[in-house]
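For reference, TrEMBL has these:
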type	residues	note
BINDING	ASN87, TYR90, GLU91, CYS145, THR180, ASN236, ARG241, MET252, ILE253, LYS254	Mo-molybdopterin binding site
DOMAIN	107-270	domain 'Oxidoreductase molybdopterin-binding'
Amino acid sequence: MKELKYQAVTPKEYQKVTPEIFFKQRRRFLKLGAGSLVAALSVESLLADIVNKTDKLHYRPMSDKEMLKINRNVIFPTPEELATSYNNFYEFGYSKSDPKNKAGSLKTSPWSISIEGEVQKPFVIDVEELITKMTLVERIYRFRCVEAWSMVIPWIGFELREFINFAKPTKEAKYIRFTTLYDPKQFPMQGGFLGLGMGSSFLDFPYKEGLRIDEARNPLSMLAVGMYKKRLLPQNGAPIRLVVPWKYGYKMIKSINKIEFLKKQPVSTWEAENSREYGFYGNVDPEVSHPRWSQSSERVIGQRGRVPTLYLNGYAKEVEHLYAGLDRKKLY
Ligand code: MTE
(Lines of atoms letter the chains of each structure in order from A and count residues from 1; the text may use other names and numbers.)
(Lines give C-alpha, C1' and ligand atoms only; values in the text may rest on other atoms or scores of the structure.)
Protein backbone atom coordinates (compact mmCIF):
# COMPACT_ATOMS: atom_id res chain seq x y z
CA MET A 1 0.00 0.00 0.00
CA LYS A 2 1.14 3.51 -0.75
CA GLU A 3 2.18 5.76 2.09
CA LEU A 4 -0.27 8.41 3.21
CA LYS A 5 0.53 12.03 2.45
CA TYR A 6 -1.39 14.46 4.58
CA GLN A 7 -1.29 17.85 6.16
CA ALA A 8 -0.74 17.76 9.93
CA VAL A 9 -2.96 19.78 12.20
CA THR A 10 -1.70 23.35 12.80
CA PRO A 11 -1.82 24.85 16.31
CA LYS A 12 -4.56 27.22 15.16
CA GLU A 13 -6.71 24.41 13.77
CA TYR A 14 -6.08 22.37 16.89
CA GLN A 15 -7.28 25.17 19.11
CA LYS A 16 -10.36 25.56 16.93
CA VAL A 17 -11.44 21.95 17.15
CA THR A 18 -10.18 21.06 20.63
CA PRO A 19 -12.58 21.92 23.42
CA GLU A 20 -11.74 24.32 26.16
CA ILE A 21 -11.60 21.61 28.80
CA PHE A 22 -8.28 20.39 27.41
CA PHE A 23 -6.81 23.85 27.54
CA LYS A 24 -8.07 24.33 31.07
CA GLN A 25 -6.53 21.03 32.10
CA ARG A 26 -3.32 21.96 30.34
CA ARG A 27 -3.18 25.24 32.22
CA ARG A 28 -3.80 23.38 35.46
CA PHE A 29 -0.91 21.09 34.59
CA LEU A 30 1.35 24.04 33.86
CA LYS A 31 0.35 25.65 37.15
CA LEU A 32 1.16 22.45 39.00
CA GLY A 33 4.67 23.13 37.87
CA ALA A 34 6.01 22.68 34.40
CA GLY A 35 9.19 22.32 36.44
CA SER A 36 8.24 18.90 37.69
CA LEU A 37 11.02 16.80 36.27
CA VAL A 38 9.10 13.56 36.31
CA ALA A 39 6.14 15.11 34.50
CA ALA A 40 8.39 16.83 32.01
CA LEU A 41 10.21 13.61 31.30
CA SER A 42 7.03 11.70 30.69
CA VAL A 43 5.82 14.46 28.37
CA GLU A 44 9.11 14.35 26.49
CA SER A 45 9.04 10.61 26.14
CA LEU A 46 5.46 10.64 24.92
CA LEU A 47 6.38 13.31 22.39
CA ALA A 48 9.35 11.32 21.21
CA ASP A 49 7.10 8.32 20.80
CA ILE A 50 4.65 10.26 18.64
CA VAL A 51 7.39 11.91 16.59
CA ASN A 52 9.07 8.58 15.91
CA LYS A 53 5.89 7.13 14.54
CA THR A 54 5.85 9.75 11.81
CA ASP A 55 8.95 8.32 10.13
CA LYS A 56 7.37 6.78 7.07
CA LEU A 57 4.82 9.45 6.28
CA HIS A 58 5.25 12.50 4.10
CA TYR A 59 3.47 15.38 5.72
CA ARG A 60 4.23 18.51 7.65
CA PRO A 61 4.74 17.34 11.22
CA MET A 62 4.06 19.60 14.14
CA SER A 63 7.29 21.06 15.49
CA ASP A 64 8.42 20.03 18.99
CA LYS A 65 7.60 23.56 20.12
CA GLU A 66 4.06 23.31 18.79
CA MET A 67 3.71 19.87 20.31
CA LEU A 68 4.87 21.06 23.72
CA LYS A 69 2.71 24.14 23.57
CA ILE A 70 -0.46 22.42 22.49
CA ASN A 71 -0.24 18.74 23.24
CA ARG A 72 0.97 18.65 26.82
CA ASN A 73 -0.53 16.46 29.47
CA VAL A 74 -4.12 15.36 28.92
CA ILE A 75 -4.20 16.73 25.43
CA PHE A 76 -2.32 13.65 24.39
CA PRO A 77 -4.31 11.23 22.35
CA THR A 78 -5.46 8.04 24.00
CA PRO A 79 -2.57 5.56 23.94
CA GLU A 80 -2.64 3.87 20.56
CA GLU A 81 -2.54 0.45 22.17
CA LEU A 82 -5.88 1.17 23.88
CA ALA A 83 -7.56 2.74 20.84
CA THR A 84 -6.69 -0.32 18.77
CA SER A 85 -7.61 -2.99 21.31
CA TYR A 86 -10.77 -1.68 23.01
CA ASN A 87 -13.23 -1.53 20.12
CA ASN A 88 -16.82 -1.91 19.04
CA PHE A 89 -17.14 -3.71 15.71
CA TYR A 90 -20.06 -6.08 16.09
CA GLU A 91 -19.38 -7.84 12.80
CA PHE A 92 -16.55 -9.52 14.75
CA GLY A 93 -18.33 -10.13 18.06
CA TYR A 94 -19.70 -8.40 21.14
CA SER A 95 -16.63 -8.19 23.31
CA LYS A 96 -14.30 -5.16 23.18
CA SER A 97 -11.37 -7.47 22.43
CA ASP A 98 -13.08 -9.37 19.57
CA PRO A 99 -12.28 -6.79 16.85
CA LYS A 100 -8.53 -6.87 17.53
CA ASN A 101 -8.46 -10.63 17.91
CA LYS A 102 -10.65 -11.46 14.93
CA ALA A 103 -10.34 -8.63 12.41
CA GLY A 104 -7.36 -10.26 10.76
CA SER A 105 -9.84 -11.90 8.37
CA LEU A 106 -10.74 -8.54 6.83
CA LYS A 107 -9.10 -8.00 3.46
CA THR A 108 -8.89 -4.24 3.04
CA SER A 109 -7.12 -4.03 -0.31
CA PRO A 110 -8.26 -3.81 -3.05
CA TRP A 111 -11.36 -2.02 -1.72
CA SER A 112 -13.92 -0.31 -3.91
CA ILE A 113 -16.63 2.12 -2.87
CA SER A 114 -19.85 2.42 -4.82
CA ILE A 115 -21.40 5.91 -5.00
CA GLU A 116 -25.11 5.72 -5.74
CA GLY A 117 -28.51 7.41 -5.51
CA GLU A 118 -29.04 11.13 -6.07
CA VAL A 119 -25.78 11.81 -7.92
CA GLN A 120 -25.30 13.14 -11.41
CA LYS A 121 -23.59 9.86 -12.34
CA PRO A 122 -23.18 6.82 -10.08
CA PHE A 123 -19.65 5.44 -10.00
CA VAL A 124 -17.33 2.99 -8.31
CA ILE A 125 -13.88 4.03 -7.13
CA ASP A 126 -11.05 2.20 -5.40
CA VAL A 127 -10.20 3.72 -2.05
CA GLU A 128 -6.54 4.17 -3.08
CA GLU A 129 -7.58 6.22 -6.10
CA LEU A 130 -10.00 8.24 -3.99
CA ILE A 131 -7.21 9.06 -1.53
CA THR A 132 -5.07 10.51 -4.33
CA LYS A 133 -7.91 12.87 -5.25
CA MET A 134 -8.53 14.19 -1.72
CA THR A 135 -6.54 16.43 0.64
CA LEU A 136 -5.38 14.35 3.58
CA VAL A 137 -5.29 16.17 6.91
CA GLU A 138 -4.66 15.24 10.52
CA ARG A 139 -7.47 15.93 12.99
CA ILE A 140 -7.22 15.25 16.70
CA TYR A 141 -10.77 14.78 17.91
CA ARG A 142 -12.54 13.74 21.04
CA PHE A 143 -14.46 10.49 20.64
CA ARG A 144 -17.46 9.75 22.86
CA CYS A 145 -19.20 6.39 22.83
CA VAL A 146 -22.88 6.17 23.76
CA GLU A 147 -21.76 3.68 26.45
CA ALA A 148 -20.28 6.68 28.33
CA TRP A 149 -16.57 6.14 27.74
CA SER A 150 -14.34 8.41 25.69
CA MET A 151 -10.99 8.68 23.93
CA VAL A 152 -9.00 11.27 21.97
CA ILE A 153 -8.01 10.06 18.51
CA PRO A 154 -5.57 11.60 16.02
CA TRP A 155 -7.26 10.78 12.72
CA ILE A 156 -5.94 11.13 9.21
CA GLY A 157 -8.49 11.57 6.47
CA PHE A 158 -10.28 14.06 4.26
CA GLU A 159 -13.20 16.35 4.84
CA LEU A 160 -16.48 14.76 3.86
CA ARG A 161 -17.50 17.96 2.07
CA GLU A 162 -14.56 17.53 -0.30
CA PHE A 163 -15.81 14.04 -1.10
CA ILE A 164 -19.39 15.31 -1.56
CA ASN A 165 -18.21 17.90 -4.09
CA PHE A 166 -16.30 15.15 -5.88
CA ALA A 167 -19.36 12.84 -5.93
CA LYS A 168 -21.56 15.59 -7.43
CA PRO A 169 -24.92 14.97 -5.75
CA THR A 170 -28.10 16.35 -7.34
CA LYS A 171 -30.14 19.08 -5.68
CA GLU A 172 -32.51 16.37 -4.46
CA ALA A 173 -29.83 14.90 -2.16
CA LYS A 174 -30.80 15.77 1.42
CA TYR A 175 -29.20 12.84 3.26
CA ILE A 176 -26.24 10.48 2.92
CA ARG A 177 -26.27 6.82 3.86
CA PHE A 178 -23.07 4.83 4.43
CA THR A 179 -23.00 1.03 4.37
CA THR A 180 -20.35 -1.39 5.65
CA LEU A 181 -19.19 -4.23 3.39
CA TYR A 182 -21.44 -7.29 3.62
CA ASP A 183 -19.36 -10.46 3.52
CA PRO A 184 -20.07 -13.11 6.17
CA LYS A 185 -16.85 -14.91 5.20
CA GLN A 186 -14.86 -11.94 6.47
CA PHE A 187 -17.27 -10.69 9.12
CA PRO A 188 -18.25 -13.79 11.12
CA MET A 189 -21.20 -12.21 12.93
CA GLN A 190 -22.87 -11.24 9.66
CA GLY A 191 -23.54 -14.96 9.24
CA GLY A 192 -25.66 -15.02 12.37
CA PHE A 193 -24.85 -16.29 15.84
CA LEU A 194 -21.88 -18.67 15.81
CA GLY A 195 -21.05 -17.34 12.36
CA LEU A 196 -22.59 -20.43 10.81
CA GLY A 197 -25.11 -18.62 8.68
CA MET A 198 -27.76 -19.95 11.02
CA GLY A 199 -30.16 -18.03 13.15
CA SER A 200 -30.37 -14.30 13.22
CA SER A 201 -27.67 -11.96 14.38
CA PHE A 202 -28.76 -9.28 16.81
CA LEU A 203 -28.06 -6.46 14.36
CA ASP A 204 -29.49 -6.24 10.87
CA PHE A 205 -26.24 -6.32 8.89
CA PRO A 206 -24.79 -4.75 6.83
CA TYR A 207 -24.29 -1.90 9.31
CA LYS A 208 -25.73 1.35 7.97
CA GLU A 209 -25.48 4.94 9.11
CA GLY A 210 -26.69 8.28 7.84
CA LEU A 211 -26.24 12.02 8.09
CA ARG A 212 -28.18 15.03 6.94
CA ILE A 213 -26.33 16.56 4.01
CA ASP A 214 -25.64 19.78 5.92
CA GLU A 215 -24.18 17.79 8.82
CA ALA A 216 -22.04 15.93 6.31
CA ARG A 217 -20.87 19.21 4.77
CA ASN A 218 -19.76 20.60 8.12
CA PRO A 219 -15.95 21.02 8.05
CA LEU A 220 -15.55 18.75 11.10
CA SER A 221 -17.07 15.72 9.32
CA MET A 222 -14.48 13.49 7.74
CA LEU A 223 -13.82 10.15 6.16
CA ALA A 224 -10.79 8.71 7.94
CA VAL A 225 -8.25 6.40 6.33
CA GLY A 226 -5.64 6.54 9.10
CA MET A 227 -5.04 7.19 12.77
CA TYR A 228 -1.90 7.65 14.86
CA LYS A 229 -0.06 8.68 11.68
CA LYS A 230 -0.65 5.31 10.02
CA ARG A 231 -3.32 3.51 8.02
CA LEU A 232 -6.41 2.42 9.94
CA LEU A 233 -6.16 -1.08 11.34
CA PRO A 234 -9.00 -3.48 10.49
CA GLN A 235 -10.42 -3.28 14.03
CA ASN A 236 -10.79 0.49 13.65
CA GLY A 237 -12.67 0.28 10.35
CA ALA A 238 -10.05 -0.02 7.64
CA PRO A 239 -9.74 1.04 4.97
CA ILE A 240 -12.21 3.93 5.37
CA ARG A 241 -14.66 5.02 8.07
CA LEU A 242 -16.82 7.94 9.05
CA VAL A 243 -15.76 10.44 11.75
CA VAL A 244 -18.27 12.96 13.13
CA PRO A 245 -16.83 14.08 16.48
CA TRP A 246 -19.95 15.70 17.95
CA LYS A 247 -21.95 12.47 17.64
CA TYR A 248 -21.84 9.20 19.57
CA GLY A 249 -19.40 6.62 18.26
CA TYR A 250 -22.11 4.39 16.80
CA LYS A 251 -22.57 6.97 14.03
CA MET A 252 -18.95 6.48 12.96
CA ILE A 253 -19.51 3.54 10.65
CA LYS A 254 -16.51 1.42 9.73
CA SER A 255 -15.24 -0.28 6.56
CA ILE A 256 -17.58 1.57 4.22
CA ASN A 257 -18.09 0.25 0.70
CA LYS A 258 -21.28 2.07 -0.34
CA ILE A 259 -22.24 5.75 -0.09
CA GLU A 260 -25.71 6.76 -1.23
CA PHE A 261 -27.21 10.22 -1.59
CA LEU A 262 -30.89 10.14 -0.65
CA LYS A 263 -33.99 12.33 -0.73
CA LYS A 264 -35.37 10.94 2.51
CA GLN A 265 -33.95 10.34 5.98
CA PRO A 266 -32.64 6.76 6.14
CA VAL A 267 -33.01 4.44 9.13
CA SER A 268 -29.66 3.59 10.74
CA THR A 269 -28.75 0.17 12.09
CA TRP A 270 -29.03 1.00 15.81
CA GLU A 271 -32.20 2.99 15.25
CA ALA A 272 -33.74 -0.04 13.51
CA GLU A 273 -32.54 -2.27 16.34
CA ASN A 274 -33.96 -0.16 19.16
CA SER A 275 -35.43 3.23 18.31
CA ARG A 276 -36.25 3.95 21.96
CA GLU A 277 -32.56 3.95 22.84
CA TYR A 278 -30.80 5.07 19.64
CA GLY A 279 -31.89 7.74 17.21
CA PHE A 280 -30.87 8.96 13.78
CA TYR A 281 -28.94 11.94 15.15
CA GLY A 282 -26.87 10.45 17.97
CA ASN A 283 -25.73 13.89 19.11
CA VAL A 284 -23.64 13.89 22.30
CA ASP A 285 -25.70 15.66 24.95
CA PRO A 286 -25.04 15.45 28.71
CA GLU A 287 -28.61 16.53 29.40
CA VAL A 288 -30.32 13.84 27.38
CA SER A 289 -29.97 10.56 29.24
CA HIS A 290 -29.95 7.18 27.59
CA PRO A 291 -33.06 5.35 28.87
CA ARG A 292 -30.76 3.06 30.87
CA TRP A 293 -27.96 5.40 32.03
CA SER A 294 -26.99 9.04 32.40
CA GLN A 295 -24.90 10.74 29.72
CA SER A 296 -23.76 13.55 32.02
CA SER A 297 -20.23 12.19 32.52
CA GLU A 298 -17.80 9.83 30.87
CA ARG A 299 -14.98 7.44 31.70
CA VAL A 300 -11.84 8.54 29.87
CA ILE A 301 -10.13 5.41 28.59
CA GLY A 302 -6.56 5.29 29.91
CA GLN A 303 -7.27 7.68 32.79
CA ARG A 304 -8.76 7.38 36.24
CA GLY A 305 -12.20 8.61 37.15
CA ARG A 306 -14.84 10.39 35.13
CA VAL A 307 -15.10 13.84 33.56
CA PRO A 308 -18.22 15.82 32.69
CA THR A 309 -19.55 15.24 29.19
CA LEU A 310 -19.66 18.33 27.01
CA TYR A 311 -22.63 19.37 24.89
CA LEU A 312 -22.05 18.18 21.33
CA ASN A 313 -18.83 16.65 22.69
CA GLY A 314 -17.28 20.11 22.98
CA TYR A 315 -17.92 21.12 19.36
CA ALA A 316 -21.07 23.19 19.94
CA LYS A 317 -19.46 26.31 18.52
CA GLU A 318 -18.91 24.56 15.21
CA VAL A 319 -22.16 22.61 14.88
CA GLU A 320 -24.89 23.92 17.19
CA HIS A 321 -26.37 26.02 14.39
CA LEU A 322 -27.25 22.83 12.52
CA TYR A 323 -29.90 22.07 15.15
CA ALA A 324 -31.48 25.50 15.66
CA GLY A 325 -35.15 25.18 16.51
CA LEU A 326 -34.98 21.41 17.03
CA ASP A 327 -35.78 19.75 20.36
CA ARG A 328 -32.51 18.50 21.92
CA LYS A 329 -34.41 15.63 23.54
CA LYS A 330 -35.15 14.25 20.08
CA LEU A 331 -31.57 14.42 18.79
CA TYR A 332 -30.17 11.43 20.72
N1 MTE B 1 -19.24 0.23 12.30
C2 MTE B 1 -19.57 -1.04 11.99
N3 MTE B 1 -19.59 -1.41 10.71
N4 MTE B 1 -19.90 -1.95 12.93
C5 MTE B 1 -19.94 -1.62 14.26
O6 MTE B 1 -20.26 -2.48 15.10
N7 MTE B 1 -19.64 0.13 15.94
C8 MTE B 1 -19.81 1.55 16.16
C9 MTE B 1 -18.86 2.38 15.29
N10 MTE B 1 -18.85 1.89 13.94
C11 MTE B 1 -19.60 -0.29 14.62
C12 MTE B 1 -19.22 0.61 13.60
C13 MTE B 1 -19.63 1.90 17.55
S14 MTE B 1 -20.89 1.43 18.58
C15 MTE B 1 -18.57 2.60 17.99
S16 MTE B 1 -18.49 3.17 19.60
C17 MTE B 1 -17.41 2.88 17.13
O18 MTE B 1 -17.55 2.31 15.83
C19 MTE B 1 -16.16 2.34 17.78
O20 MTE B 1 -15.04 2.73 17.06
P21 MTE B 1 -13.59 2.25 17.56
O22 MTE B 1 -13.65 0.78 17.78
O23 MTE B 1 -12.62 2.64 16.49
O24 MTE B 1 -13.33 2.98 18.85
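Quick reminder: no glycine exception, Cβ is built from N, Cα and C everywhere.
Counting only same-chain residues six or more apart in sequence, the Cβ atoms lying under 8 angstroms from the Cβ of ILE253 (Mo-molybdopterin binding site) belong to PHE178, THR179, THR180, TYR207, LYS208, GLU209, GLY237, ARG241, LEU242. Note: GLU91 (Mo-molybdopterin binding site) has non-local neighbours THR180, PHE187, PRO188, MET189, GLN190, PHE205, TYR207, SER255, i.e. same-chain residues 6+ apart with C-beta under 8 A of its own C-beta. Here Mo-molybdopterin is bound by ASN87, TYR90, GLU91, CYS145, THR180, ASN236, ARG241, MET252, ILE253, LYS254 per the record. The longest Cα to Cα distance in that group is 19 Å. Long-range Cβ proximity for ASN87 (Mo-molybdopterin binding site), meaning a same-chain Cβ under 8 A and a gap of 6 or more residues, is found for LYS96, ASP98, PRO99, LYS100, GLN235, ASN236.
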